[in-house]
Amino acid sequence: MDRKELELYLNDLLQAARFRDYCPNGLQVQGRDPIAHIVTGVTASLALIEAAIDVRADAILVHHGYFWKGEDARVIGQKHARLKQLLAHDVNLFAYHLPLDAHPTLGNNAQLGALLGIQPTGRFGDDELGWIGTLPEATTLGAFAEVVAARLDRMPLVIGGADRPVHTIGWCTGGAQGWFDAAVSAGVDVYLSGEASEQTTHLARESGVAYIGAGHHATERGGVRALGNHLAEHFGVRHTFIDIPNPV
């Protein structure tokens, strides 16, 4: 398919223009045309780029791309190494950050909720990026944490008593521990995100709302993989999801 056609389709599907983001969404590095093979991954790391080159991908589609607000604009060091490989092999790089968190079916939050068996009931936070939902049956924090560990193949950080009853879940993938306060105000029993900060522990203890830190990378694998599968089905392109392990 044509590179411009893909970019326009993704921008429209993910409603990229409506988000005030920390980075440019869409095509970040131009490569060859046409595009027949797309590799997806969470972050445009050098390891992902090299893996995509090895399988002869025409484009890479990620959640974490480049050119973040406030970063050093010089093309040196790590940035040089990554861009050098993309440009030398004429590989396109597409990146969608907040738009890929928010999509109602393909987004990170939608995919994580489905993976954990949560029925969505509402949203909260800026651009309604935070999600609220309920479990089919009330359970305990310990039992729910076991489900999280099994589905994400990673032991989560759990703040709260294992026997605490939970039914209403708030969640936002990635580094959204800063939205814990908003989740508490929304009346959830437990809030789940990817990371935790020092103050997260105190808020959990003092609010009575449990917290689960399930991994920034682990909670954000679903969206880009689902989006790649959608593109393969819609356009008939080849799609390969490559997971570069990350313990954070």
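A Cβ is built for glycine as well, from the same backbone N, Cα and C atoms used for every other residue.
Here's what Swiss-Prot has on this protein:
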BINDING   HIS63, ASP101, GLU220  divalent metal cation 1 binding site
BINDING   HIS64, HIS216, GLU220  divalent metal cation 2 binding site
For GLU220 (divalent metal cation 1 binding site), the number of other Cβ atoms found within 10 Å of its own Cβ: 27
ASP101 (divalent metal cation 1 binding site): tally of other CB atoms within 10 A of its CB: 26
Neighbour-count leader, CB within 10 A, binding-site residues: HIS63, HIS64, HIS216: HIS63
DSSP three-state assignment for ASP101 (divalent metal cation 1 binding site): helix
Secondary-structure category, per DSSP, in which HIS63 (divalent metal cation 1 binding site) falls: strand
